[in-house]
Structures are given as C-alpha cells and as structure tokens.
Amino acid sequence: MSEILSSLRSLMASHSPPLDALVVPSEDYHQSEYVSARDKRREFVSGFTGSAGLALITKSEARLWTDGRYFLQAMQQLSDEWTLMRMGEDPLVEVWMSDNLSEEANIGVDPWCVSVDTANRWGKSFAKKDQKLIPTTTDLVDQVWKNRPQSEMSPVVVHPLEFAGCSVSDKLVDLRGKLKQENARGLVIAALDEVAWLYNIRGTDVDYCPVAHAFAIVTTDSAFLYVDKKKVSDEANGYFKGLGVEVREYNDVISDVALLASNRLFSSFSSKSGAKDMEIDSEKTDRLWVDPASCCYALYSKLDADKVLLQPSPISLSKALKNPVELEGLKKCHVRDGAAVVQFLVWLDKQMQEHYGASGYFLEAESNKKKPTETSSKLTEVTVSDKLESLRAAKEHFRGLSFPTISSVGSNAAIIHYSPEPEACAEMDPDKIYLCDSGAQYLDGTTDITRTVHFGKPSAHEKDCYTAVLKGHVALGNARFPKGTNGYTLDILARAPLWKYGLDYRHGTGHGVGSYLCVHEGPHQVSFRPSARNVPLQATMTVTDEPGYYEDGNFGIRLENVLVVNDAETEFNFGDKGYLQFEHITWAPYQVKLIDLDQLTREEIDWLNTYHSKCKDILAPFLNQTELDWLKKATQPVSVSV
C-alpha cells in the first residue's frame with residue numbers, strides 16, 4: 001500500500017498543474033454501485049472492499065469516507081496509513097478539503113468517474129478558497145495499477161419480450177413523449193441498468209448485475225447504443241437494426257456527445273422507432289437532458305451548460321414502475337427463491353445438529369460443544385453460502401447471485417455488509433446468531449432476502465432485539481398510506497420499536513429491486529436520508545423492508561422481504577388522494593425461537609400466523625416431504641401465553 005501511495009504522489013507532483021490532492025471514487029464511468037474488477041480503483045489504492053466509499057490522497061495524508069454499513073469493515077481493512085472518515089459523523093469530503101487544503105489548491109479527479117452533481121457540488125465548495133477541481137486527462141490510478149484486469153468481453157444478450165413485458169419500440173415512444181414534455185431534443189443515458197432496460201438487453205460485464213458496459217443517446221428521431229462492437233453478435237446486430245438503433249463503438253460516445261451539442265449527430269437509419277408527432281418547440285430545440293446523478297462530468301463538459309436540462313432521467317422512474325409481466329415474473333422467481341432458502345435452512349439445521357451438537361432450529365437449549373472431527377464436516381460462512389448458491393442454481397431461470405452473499409456468524413454479523421473470504425472466514429457456531437442476506441438473478445426477476453437464525457439457545461437480549469426488528473419489519477409491511485407519501489416519511493415505522501429501547505441501525509430501510517437487473521434500484525427508497533424525500537412511492541414499485549440491529553463485537557440481526565406497492569381499498573378517502581399498501585412477495589419463515597411472543601400485539605401475532613400459513617402453502621409444491629415437514633413445523637401457528 002505504501003508503494004501505491006508513493007507512486008500516486010509522484011504522479012500528482014508531476015501533473016500539470018501539480019495536484020495537492022487526488023480523489024479516487026468508487027464509481028465507474030457510469031456511476032455504478034457495483035463495478036467490474038478493472039474499475040475497482042478505490043479498492044486497489046485503499047484495500048477497502050466495500051461497495052461505497054471515496055478515497056482522498058494528499059501530499060501527506062490518505063483518508064477514506066464510507067457510510068455506516070461499512071464502518072467496522074473499513075476499520076478492519078484499512079492500514080495505518082489511512083484515516084477512516086465516517087459519513088454522517090465526520091465532515092463531508094468537500095468540506096474537509098475546503099477546510100484543510102491550502103488556498104488555490106488543485107484537487108484532481110478522473111472526470112469519467114465523478115458525476116455532474118458531485119463535481120458541481122465540490123466546485124462550489126472549493127470556490128470559497130479559490131481551490132480548483134482539476135479533471136485529469138488520464139486516470140492516475142490506472143498508471144500505477146500494473147496488473148489491472150482486462151476489459152470484459154462477454155456478449156450483449158437480447159432479453160426476451162416474454163420476460164421484459166414491454167417492447168423497445170413502445171419504450172422509445174414513451175421516452176420521446178417525455179422529451180417532448182420537457183422541450184428537449186435528446187437524452188444522454190449513462191446508467192448501465194437504464195441502457196439495459198430501454199433496449200431490452202443484458203450482459204455479464206459486472207458481477208451480480210446483468211448489464212453490459214454501454215452508453216445510449218436517444219433523440220426525437222434517432223437512437224444510439226455505444227458498446228464494444230466485439231460484444232455484439234450478428235444476431236444482436238440484426239435486432240438493433242430492426243429497431244432503428246445504431247450501434248457505435250463505446251469510446252465514440254465522447255465525440256458523439258460533442259456532435260449532439262452542436263446538433264450534428266445523425267443516425268444512418270431512418271427513424272424506425274415510432275418518433276412520429278414528436279415535434280418540439282423550435283425555440284428550445286437546443287435543450288439536452290442529462291441526469292446529473294448518473295452522467296459523468298467528462299460527457300457533461302462537452303455540452304453547453306446553458307442548454308442542458310439537469311434533472312433525473314425519465315427512464316429511472318419508468319423502470320421502477322413494473323409492468324404486469326415483470327410483476328408476475330418477480331412473484332414467480334421469489335417463490336422459487338424462497339424454496340431454495342427453505343431447503344438451505346433444512347440442510348443447515350441438520351448439519352448444525354449432526355456436526356456441532358446444536359439443539360437446532362426449533363429447540364432452545366445449549367449445544368453440547370461438539371466439533372467436527374473431519375475437515376469435510378467443518379462448516380464455515382463460505383461453505384454454507386456456497387450450499388445456498390447451489391440450491392438456487394438448480395432453480396429455473398437462474399443466472400447468478402444478485403450480490404455477494406452476506407453469510408455472517410456472531411460478531412461478523414455486526415458488520416452490516418460483511419463479505420466472507422474462504423481463507424479468513426469464521427466457522428459456524430451453534431451458540432451464536434447467524435445472519436444470511438442473499439439474493440439471485442433469474443431471467444424473470446431479481447431477489448433479495450435476509451433471515452437471522454440461532455441454532456442454540458439465544459439470550460434474552462438477543463430475543464428482545466430480534467423481536468424489536470421483527471415488529472418494525474411488520475409495521476412497515478402493514479402500512480397503508482396516502483398516495484404522494486415518500487420513503488422518508490415511512491422509515492420511522494421500522495425504527496420505532498427499536499427506538500423504544502434506545503436502539504437503531506445505520507442503513508436505509510428499503511430500496512427498489514430490479515427485474516433481472518440491479519438489486520439496488522432507484523429512484524425511490526425508504527430511508528432516513530433526505531434523498532428519500534425526492535420520489536413518492538407508487539403502485540407497481542418494488543421495495544425492500546429490512547430493518548436491523550447490530551451490536552459491535554457481538555451479533556447482528558436483520559430481516560428482509562421484497563414488497564410490491566399496490567393500490568389499497570380503504571373505508572374513506574381523505575382528500576381524494578387514494579391510498580397504497582404493500583404486498584409481500586418473499587417467502588421464508590421467521591424463526592419463532594428468536595421471538596419473544598409476549599412482546600407481540602394480537603395484530604402482529606395474526607400477521608405472523610397468516611404469513612407463515614401462506615409461506616407453507618406457496619412453497620409446498622417445490623419441496624420434498626422432509627423439507628415440507630420441516631416447513632410445517634417452522635410455520636405452526638403461535639399464540640401469546642396467558
């Protein structure tokens with residue numbers, strides 16, 4: 001690590017102009033959350049492997065900012081040369097730079113890896129001391145990364161209409177209608193999942209996200225895709241040609257954005273994409289639409305800022321509103337996924353009893369401290385995670401995991417986004433909590449589920465915490481709320497049972513989920529973060545419900561289901577707004593042994609029994625007799641003792 005920092009500081013000193021600081025973001029050219037191996041620059045320079053964070057290197061310091069999900073992980077992974085900056089507790093990176101760097105300091109960043117929003121925000125902050133954000137002509141990290149992985153060369157795959165549910169032609173007509181509404185003549189599309197959704201294509205360029213590295217430009221009469229042409233087969237070329245979408249090389253996007261700015265970007269195809277009646281106000285035809293959160297500063301710098309409409313991409317909301325085919329696919333894949341999770345719990349329950357002397361999933365007793373005598377019988381966070389993946393892989397339409405499985409025992413479960421490594425993971429322990437947050441990609445949908453279990457005798461404190469998390473999980477899932485309500489408003493429902501005891505958690509409560517796309521999908525969310533105010537929840541959106549509690553050095557608890565937002569039938573309709581409610585589509589039991597039933601209300605007991613009854617009935621056709629017998633026991637009705 002010292003050698004990397006030294007090499008970067010040498011390049012900073014020789015840069016023209018010399019750099020007083022270098023920012024290394026987590027994001028790629030598309031501002032992605034999950035990036036390919038060759039784009040993990042922040043991980044390379046810092047050693048921190050979390051999905052969110054930002055590294056800052058000055059002449060004498062190295063600092064890393066990350067959010068509450070990763071505080072513990074960063075503390076473990078950062079060397080002594082690095083200082084951890086906790087988002088939400090320590091100053092923002094732009095505030096720290098403005099306050100601590102000298103006047104007229106030059107701060108370098110790769111303009112491809114920073115969004116328009118971020119670059120503009122930093123620029124305003126730096127102006128106080130005449131500091132300057134310097135876009136580097138090449139990425140300095142790439143210059144010192146000697147063994148940087150090669151570019152991915154996986155093919156672009158057409159996503160069948162039977163799973164997509166809406167044709168590209170119809171999507172383009174809808175998009176052009178939105179351009180007309182805003183009097184914009186074109187849209188630059190940088191987000192990988194938006195390109196994939198718009199053109200009904202998928203890829204494997206990024207682990208866990210079925211996307212291809214690509215940009216797109218759509219105007220009122222043309223459509224372009226920018227991708228490495230070696231990834232596009234003859235069949236795919238024919239597909240794009242039939243749609244009137246012109247395929248150009250990935251690197252051509254920078255020059256084409258410049259041509260777009262001067263109104264000189266033309267397609268070799270005549271319009272075949274339904275661009276009729278799309279005339280716009282001739283006085284505003286120079287306006288171009290750019291999403292400031294997903295478009296990189298490198299592309300934005302080629303446009304005339306006075307003629308740019310900076311607002312969220314219209315594709316983001318369209319993608320979040322699932323069509324009937326997508327909703328049906330999501331429900332079906334969650335059933336298959338739930339069956340895999342139950343099969344995993346049945347297997348793990350048996351293994352923990354046989355090899356570790358655990359009392360098991362149902363009985364509440366101390367283990368007999370038995371340890372496996374053979375290496376083959378030893379269970380670790382990784383080996384059990386691999387077992388779960390193998391069970392999912394046997395299901396119809398499986399295409400891979402939707403994120404690295406968080407398989408965590410005891411104190412590791414307190415690391416919110418813990419990622420076990422084969423050579424350094426923990427062995428399973430019957431006397432400690434086990435948290436498993438996992439999901440999969442299927443052709444008909446994406447899943448995300450968390451269950452927390454104990455195979456021995458949980459403490460009264462662990463049961464209190466689990467019960468509080470469950471109560472918050474149920475409260476959010478049972479919510480009815482007027483249309484126009486955002487996730488910032490609803491977030492308190494999941495936290496209130498924890499707040500009662502002075503407990504809380506440092507992550508958001510819910511995120512959107514893609515349809516065979518990214519597991520974390522916007523633009524909506526359920527969170528305490530101010531950004532959750534931006535987009536109200538709407539019918540046909542998906543969102544997770546995942547409160548938790550994490551006790552450093554001891555244990556972690558999280559429960560997560562995917563919900564669909566539906567219209568609600570209410571007795572009254574105050575303000576004629578209409579009301580919404582949630583529908584659970586995730587199916588796996590909650591461990592009754594971890595619940596203090598006396599703390600549940602009658603309504604919560606009824607909800608738990610109803611959910612468990614549905615869970616049993618829905619999953620039964622996918623289980624063998626042994627598995628079904630286990631599930632029947634796990635979902636037996638419960639009641640409060642009198």
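Heads up, the Cβ atoms here are built off N, Cα and C, so glycines get one too.
Remember, TrEMBL labels are computer predictions, not curated facts.
Per-residue pLDDT, averaged across the domain 'Creatinase N-terminal' (6-138), gives 95. If you look up TrEMBL, you'll see 6-138 marked as domain 'Creatinase N-terminal'.
Among the features that TrEMBL reports, domain 'Peptidase M24' is placed at 372-566.
Under DSSP, the residues of the domain 'Peptidase M24 C-terminal' (578-638) split into helix, strand and coil as follows: 37 helix, 6 strand, 18 coil. The domain 'Peptidase M24 C-terminal' annotation in TrEMBL covers 578-638.
With DSSP classes pooled into helix, strand and coil, the tally for the domain 'Creatinase N-terminal' (6-138) is 53 helix, 30 strand, 50 coil.
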